[in-house]
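See below for the structure under consideration.
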Amino acid sequence: MISAIDRERAADLLRQFTDAGAQPVETEILQPAGTLLDLYGEDIRGRAFTTTDPLTGETMLRPDFTVPVVQAHMANGADPARYAYAGEVFRRQEIDEGRPREYLQVGYEVFDGSDPAAADAEVFDLIARAMAPWGALPATGDLGILIAAIEALTTSARRRAALRRHLWRPIRFRRLMERYTGAIPPTTTRSVMLAQLQTTAPETLIDAAGTPVGLRGTAEIAARALSLVEDAATPPINRTEAEVIAMILNMDGPMAAALSPLRDMAVDLPGLDGAVDRLEARADALSRRGHDPAQLSFAPARGRSAMEYYDGFTFTFAAPTRPDLPPLATGGRYDALTAVLGAGRSIPAVGGVIRPGLLGDIA
Amino acid sequence: MIRLGVPSKGRLMEKTFQWFGDRGLILSRTGSDREYAGKVEGADIALVLLSAGEVPRELAAGRIHLGVTGSDLVREKLTRWADRVEVVAKMGFGHADLILAVPKIWIDVDTLDDLDAAAAQFRATHGHRLRIATKYHRLVREFLQANGVADYQLVDSQGATEGTVLNHTAEVIADITSTGETLRANHLKVLSDGMIHDSQATLFRSRVAPLDDAQQATLDDLRGRLADVDRG
């Protein structure tokens with residue numbers, strides 16, 4: 001249950017954010033399920049409570065503020081804009097009965113594309129100051145590094161797009177890398193089909209395979225069959241480039257110490273430099289606000305499976321004495337998500353949330 | 001007296017009665033064919049006749065101590081099922097596989113890798129996510145999530161699921177199959193790595209139903225009988 005003390009803490013944090021210049025924003029607790037499902041896929045059903053509205057159909061109890069705040073900004077926001085909010089979010093707990101189903105989040109979101117490094121540092125700094133009384137331990141990441149590395153791979157555009165699509169699903173990402181580096185050979189069924197396609201048109205094979213049923217038509221099946229032939233003829237991703245990806249996924253150390261090895265990797269994978277420049281600019285911006293990059297923990301892939309679709313800077317603040325608790329605060333940059341919600345219109349966005357309920361647990 | 005829930009009709013009921021009979025417990029229905037009442041001879045056990053689909057819920061609520069149902073139903077209907085019920089015996093009948101099946105004409109789709117790629121292509125082409133018809137929402141979602149498959153949606157189908165593809169209400173199905181004949185008749189094939197769960201009739205014990213000394217003794221005695229038979 002949300003206690004009165006939690007609510008007081010939330011109000012206090014919200015005041016800190018509005019004092020910093022954010023405009024307070026309210027969103028509905030009942031959210032249309034369609035947008036959330038389109039964005040997060042069926043996986044969201046395992047995390048959100050779904051209910052039915054007799055008039056508007058399937059509805060979810062707000063699992064987080066990101067989507068409604070972005071939508072509110074797009075509907076009537078000024079540019080640039082800064083928002084703050086506090087309110088309940090609702091999460092299904094299918095694994096751990098001890099975790100709360102409803103709790104408060106207090107957040108701060110910046111929609112300002114003029115200086116991304118400065119905006120990243122602004123959000124981090126504001127949350128860091130709010131967390132200071134609790135001695136929370138910061139850790140950072142940057143998924144932009146991984147994205148830049150994928151874009152720089154010497155391979156087909158189709159393979160790069162597939163890796164990019166599964167950036168946030170580590171299991172499938174790894175499987176794709178294994179396939180594209182030739183570590184796992186094609187199945188027998190696939191080899192037979194590829195051999196048949198050398199001499200036979202896909203439409204003929206589709207005809208022979210059975211009665212056509214379903215919405216996915218012959219043209220679609222044939223197009224993907226031909227793309228498989230093309231992919232089979234694509235040389236494997238070379239070992240040096242694959243190792244760069246692996247190194248980025250495993251890298252973990254101080255932010256300042258990451259720059260030099262990443263520059264070295266950019267020799268093997270030109271195209272990485274732009275992302276390393278952005279990391280360096282962010283490190284400088286954080287330094288100007290008094291956060292020493294030599295002391296800040298940094299792992300590029302941090303925040304990758306958070307299901308928030310971060311695609312740049314990420315950060316967490318952990319409880320110093322309670323490693324069993326979820327992070328007290330999390331945040332990051334989510335330009336890709338706003339691009340999807342904005343139907344093509346991209347809005348640079350970075351933000352963070354604090355969970356006041358957890359602060360009570362460590363007080 | 002402990003309470004044993006068993007399926008109230010059909011082959012599953014007959015096989016269950018036979019299975020217990022082989023282990024020295026005579027289960028039978030009493031009264032008319034239409035009356036859902038039954039008895040057990042040979043032990044201090046009350047027979048509760050239920051739909052197989054209700055057995056997981058009754059076990060989780062502790063209203064029955066033991067229950068016979070498909071392992072698929074327990075996994076689908078109970079979160080953290082292993083904390084709430086214990087497998088006493090796999091009964092060796094009622095075998096059925098929960099599988100993913102796609103149209104046979106999908107020559108480009110043989111594995112989950114392919115399904116995921118086809119889902120991305122389908123969404124880009126048709127503007128909505130690839131639809132998978134099933135009644136096993138949790139099992140299917142958890143399986144696909146564990147395998148990193150994206151861009152699909154689950155649509156509910158409580159019966160004649162194989163027909164949904166033909167009727168354009170789904171592109172893929174996830175359903176129970178024992179022989180595969182219905183799949184073939186509906187022009188579908190099973191993905192080579194699309195086995196979600198191989199189900200069979202299973203005797204479960206509720207971990208939440210309280211047992212007094214007499215009930216515990218009855219349960220211990222039953223376990224002894226089962227072990228004797230299964231040792232041969």
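Glycine is no exception: its Cβ is also placed from the backbone N, Cα and C atoms.
As annotated by TrEMBL, L-histidine binding site applies to A:ASP64, A:PHE65, A:THR66, A:ARG91, A:GLN105, A:GLU109, A:ARG302, A:TYR309, A:TYR310. In the three-state DSSP scheme, A:GLN105 (L-histidine binding site) is classed as strand.
Look at TrEMBL and you will find A:10-169 (among others) tagged as domain 'Class II Histidinyl-tRNA synthetase (HisRS)-like catalytic core'.
The annotation domain 'Class II Histidinyl-tRNA synthetase (HisRS)-like catalytic core' is assigned in TrEMBL to A:226-352 (among others). With DSSP states grouped into helix (H, G, I), strand (E, B) and coil, the domain 'Class II Histidinyl-tRNA synthetase (HisRS)-like catalytic core' (A:226-352) comes out at 56 helix, 18 strand, 53 coil.
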Comparing local Cβ density (other Cβ atoms within 10 Å) for the binding-site residues A:ASP64, A:THR66, A:TYR310 points to A:TYR310
Which residues of the same chain, at least 6 positions away in sequence, have a Cβ lying under 8 Å from the Cβ of A:ARG302 (L-histidine binding site)?
A:ALA139, A:THR140, A:GLY141, A:THR314, A:PHE315, A:THR316
With Cβ-Cβ distance below 8 Å and at least 6 positions apart along the chain, what are the contacts of A:GLN105 (L-histidine binding site)? List them in sequence order.
A:ASP64, A:PHE65, A:TYR85, A:ALA86, A:GLY87, A:GLU88, A:VAL89, A:VAL353, A:ILE354, A:ARG355
